[in-house]
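J.: Pulled from TrEMBL, these are the listed features:
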- 43-62: transmembrane segment (TRANSMEM)
- 74-92: transmembrane segment (TRANSMEM)
- 99-116: transmembrane segment (TRANSMEM)
- 146-169: transmembrane segment (TRANSMEM)
- 190-209: transmembrane segment (TRANSMEM)
- 215-235: transmembrane segment (TRANSMEM)
- 332-355: transmembrane segment (TRANSMEM)
- 367-389: transmembrane segment (TRANSMEM)
- 409-429: transmembrane segment (TRANSMEM)
- 449-469: transmembrane segment (TRANSMEM)
- 490-510: transmembrane segment (TRANSMEM)
- 535-557: transmembrane segment (TRANSMEM)
Amino acid sequence: MDEKQSLTVSDAVDYKGFPANRSKTGGWVPAALIVGIELCERLSTMGIAVNLVTYLVGTLHLPSATSANIVTDFMGTCFLLCLLGGFLADSFLGRYKTIAIFASIQTLGTGTLAVITKLPQLHPPPCDPSASQNCKQANGFQMGMIYLPLYLIALGTGGLKSSVSGFGTDQFDEKNDKEKAQMAYFFNRFFLFVSSGTLLAVTVLVYLQDEVGRSWAYGICSVSMFTAVMIFLCGTKRYRYKKSMGSPIVHIFQVIVAAINKRKMELPHNDAMLYEDPAATSTVDHTNQFQLLDKAAIVAEGDFEKSVSSAHNPWKLCSVTRVEEVKMMTRLLPIWATTIIFWTTYAQMITFSVVQASTMERSLGAFQIPAGSLTVFFVAAILITLTFYDRLVMPLWKKWKGQPGFTNLQKIAIGLILSTLGMAAAALVEMKRLSVAKAVGRSTATLPLSVFLLIPQFFLVGSAEAFIYTGQLDFFITQSPKGMKSLSTGLFLTTLSLGFFLSSFLVAVVKRVTGSKDGQGWLADNINYARLDCFYGLLATLSAINFVAFLICAIWYKPQKPKQVLAMETTTNEGSAAEKC
């Protein structure tokens, strides 16, 4: 029996619903197929986002601040919809079906965008940028036709991203020492692979958009996504599937409702008197934090259904494990809140920093570097940082500390420091750029200043993302309850969403507070007349304050791990295809 147990993965099934065979399912090959679809998603989303602002300004003739907000709202919606994707994956569809469905939606969105950007009647008439006051902006119908594919892509991205990383980690068994060690490397290699997609987006795709045509570039995005979906489906027989444990949102509300209804009851002096599900194969130890929630586990008259022997009403009585799972999610929230500001600084790299680049000298011999391609230094910083960390830091840290690299909270802290320095560097470079603009004339289209001065801000924020993204991904997946991992991943990705929306909010507030009737202020329509350095300085200050708040939250945070209460898990019901994720 023990030998049979070792050949199968106890909490996973294969595509037929039978216990997953360890030798025939899971591991690096299916994980690579899953990561491949995320690579193509990043290729499409970032290939659109990093150069969208130049399309909105140059083709649709929108003001730079308005264009920046459209981009950040688009990206924010992408990541906000990850909560929807996580909910559907954990509650109804499972991660496999969620990825397949929403990747197909994104394929449709990019294909639609390729068609729309090709049709001249969906753009305003072209005009000379030097005569910008006579340029006709896109009308409501034309803007609506752009928003349609953008938000189809956002819907696809949201559903896809919430499940990809979780489904990838499902291919490794945490209870097996060898596979657990492989999973420690998965998060870094996942992001390294994904960043390769971003690299292709900001180099090849941006060049194709500027030199060949946007419709061709977006068409390539659509074809690549379609190909990735086909390859993903080919791995169906090799994947491991985790069984759905019910709706995590419903479980959370059950604990909250039961706790509120019993708020006037006294907690027992002995924790053992709180209700625990006797059929549970794993439990979570009781903790003393958030004791109001503990009242959901107090056994009271009427908590058990009269018609069914020993069955309890989950809206009246919840197990200690269920309560502790809600506590685990609650403990994530302070760390969640203090990582939002980073993504606000990140948003500047694909909006205002691209506008900055468009005003600077970008010639490299006879080759003109597209403004959107400056983010290649951002992606290069990510790749260099991850490679350095994977090949040098992790082995050395394991020899010195006995751990495979920094903890997830240490990674986030390093990222927050680097992003603060990045915004400070951006403010200093912008001060230099404005001084040159003042000297040669603010109406000069291309300033005699090398665009490579922007490299420090791209590199610092890029290195910061390498640490923060992998740290957040690791933290939210490993510190969440087993049945809430997709929801937890969606929660992590909402930090990106709220960071982009916060950027839009700050832009609107700063433009309103510092702006004037003639279009001047910190964020003037022509950035040569603006004070973008002050805006970057504001972000650097907010980032420094946020870092102090993060340190307080990280010190307060105490992880909680489940424990096994049975020596062996039965696999009687695992063979049921109805229980398959």
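The count begins at 1 with the first shown residue.
Glycine is treated like the rest: Cβ placed from N, Cα and C.
Note: TrEMBL annotation is automatic and uncurated.
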J.: Examine the transmembrane segment (367-389) against the transmembrane segment (409-429) and state whether at least 3 Cβ pairs sit under 8 A, considering only residue pairs 6 or more apart.
T.: no
J.: Counting only pairs at least 6 apart in sequence, do the transmembrane segment (490-510) and the transmembrane segment (74-92) share 3+ Cβ pairs under 8 Å?
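T.: Taking Cβ pairs at least 6 residues apart, the transmembrane segment (74-92) and the transmembrane segment (490-510) are in contact, with 3 or more under 8 Å.
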J.: Hey, would you say the transmembrane segment (409-429) packs against the transmembrane segment (535-557), going by three or more CB pairs under 8 A that are 6+ residues apart?
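T.: Checked: the transmembrane segment (409-429) vs the transmembrane segment (535-557), in contact.
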J.: Honestly, do the transmembrane segment (74-92) and the transmembrane segment (146-169) touch, with at least three Cβ pairs under 8 Å and pairs 6 or more apart in sequence?
T.: yes
J.: Do at least three CB pairs under 8 A connect the transmembrane segment (99-116) and the transmembrane segment (535-557), leaving out pairs fewer than 6 apart in sequence?
T.: no
J.: Under 8 angstroms for C-beta pairs, at least 3 of them, ignoring pairs fewer than 6 apart in sequence. Is the transmembrane segment (215-235) in contact with the transmembrane segment (99-116) by that rule?
T.: yes
J.: How about long-range neighbours of the transmembrane segment (190-209): same chain, 6 or more residues beyond its ends, C-beta under 8 Å?
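T.: Hits for the transmembrane segment (190-209): 32, 35-36, 38-47, 50-51, 55, 165, 168, 216-217, 220-221, 370, 372-373, 375-376, 378-380, 382-383, 386-387, 390, 466, 469-470, 473.
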